[in-house]
Amino acid sequence: MFLAKSIVCLALLAVANAQFDTNYASGRSGMVHLFEWKWDDIAAECENFLGPNGFAGVQVSPVNENAVKDSRPWWERYQPISYKLETRSGNEQQFASMVKRCNAVGVRTYVDVVFNHMAADGGTYGTGGSTASPSTKSFPGVPYSSLDFNPTCSINNYNDANQVRNCELVGLRDLNQGNSYVQDKVVEFLDHLIDLGVAGFRVDAAKHMWPADLAVIYGRLKTLNTDHGFNSGSKAYIVEEVIDMGGEAISKSEYTGLGAVTEFRHSDSIGKVFRGKDQLQYLTNWGTAWGFAASDRSLVFVDNHDNQRGHGAGGADVLTYKVPKQYKMASAFMLAHPFGTPRVMSSFSFSDTDQGPPTTDGHNIASPVFNSDNSCSGGWVCEHRWRQIYNMVAFRNAVGSDAIQNWWDNGSNQIAFSRGSRGFVAFNNDNYDLNSSLQTGLPAGTYCDVISGSKSGSSCTGKTVSVGSDGRASIYLGSSEDDGVLAIHVNAKL
């Protein structure tokens, strides 16, 4: 009996641990959030850019039918009408094709899933043609009725966990995930996505759902589809949106036993550092000492689709594409540092925080336009196509699991470190030049700085760094240069 219990416990532990695995293809790391992109465009991006540049995954916007709202704001995607795969990004056939094409080039798909709630009042018509009556909690496209929702109440006090989890977030009709029928419908929806070949989920508004209910839902999910290259028995990677800056009734620690969490403290802290409110020298103990969840439970980012607009957490400290020099430095640090599972943001430009993606006619999403230097236009920012970011994804892949070594700082805002003997980075956020002989940890030779340029054959389009037989190199980063970071690695050796 004891042996049987032990086996059951070990089996449960194996299942639990499996959902912390990103399911990335070997030798790849780092995902990108292609916010509001169309499925056909993502498929092409996987084949033409993400795959060749070593990206491991793509987070996509919600895939299921949402309410059509006036002026088509981005947040309409977070107001579900049904679980039909029909949105402005495309239909089920297009989504299935995208997942297959991305998997074929080693890029995994992670879906932003919304099942805390359904649409708020006014969301009577959906992108797939379904109708609903949010005011009476009737969503025939699922179908859900008033029996499937929590009683109507507002969230006014984040120190009351019951209110946060049982009441309505900004008027969105709050589903009761403890209801077995709701659980059935959610599992059916997620399992369908698993059948189509996705690798995991970002669970929207997880903080507003009871961990015990989520545990039931996650525990019922089928294993990943081996036809898409996943190992037998693999579980979906789960990352839960839990905004925990401290001082509230709900803690991320209630969720880290179930999956990874969106570590908003990382975003807030990295913004403060590279905006000059904290010194770079303090980054020497970056990680859990800063109040972050454990590395394998932390999805880390510089900004996300919410907090780049002032929603969520971080406020004015959050760095976005609108502060490009510091944004590139913070992104390079995140990708160079071994902590967490990094996610790169890929935005559309906005001046109004409600503004939706670029369209051709006010409704249909426009495709990004690509320039000769890899950057985007047509209203798309495409931070993932900035050389300083995509070359650091390659850096992360090159250094693998090698530890941080050879830490150096000037007691202020100049730092450098190596990742074992495979990569080296230096940062200058002071208002004077960095000019020092530093230990890179790398083998002797000439290396291409992958921030100022790229390795092209046996030459470099940017600066080069000469490493001596002792591993040292003269590192220069002028305070007025376009980039306050320099990076070299073994795959960029000339």
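The backbone N, Cα and C atoms fix where each Cβ goes, glycine too.
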Candidate from R165, R265, R343, R385 that Swiss-Prot assigns to the same chloride site as R202, N304:
R343
In Swiss-Prot, N116, R165, D174 are given as binding Ca(2+), so which of H208, H228 is in that site too?
H208
If you have Swiss-Prot open, could you say which of C46, C167 makes the disulfide with C102?
C46
Residue pair C46 (disulfide bond), C382 (disulfide bond) - Cα distance, angstrom, rounded:
14
How many Å separate the Cα atoms of R165 (Ca(2+) binding site) and C153 (disulfide bond)?
11
Of the recorded positions C102, N116, H208, C376, C382, which one has its Cα closest to the Cα of C167 (disulfide bond)?
H208
Among C102, C167, C382, the disulfide-bonded residues in question, whose Cβ has the most other Cβ atoms within 10 Å in this structure?
C102
Including all protein chains displayed, how many Cβ atoms other than that of C448 (disulfide bond) lie within 10 Å of its Cβ?
26
Beyond N116, R165, D174, H208, what residues of that chain have CB atoms within 8 A of the centre of the Ca(2+) site's CB atoms?
H117, N150, V164, N166, C167, E168, L169, L175, Q177, A205, K207, M209
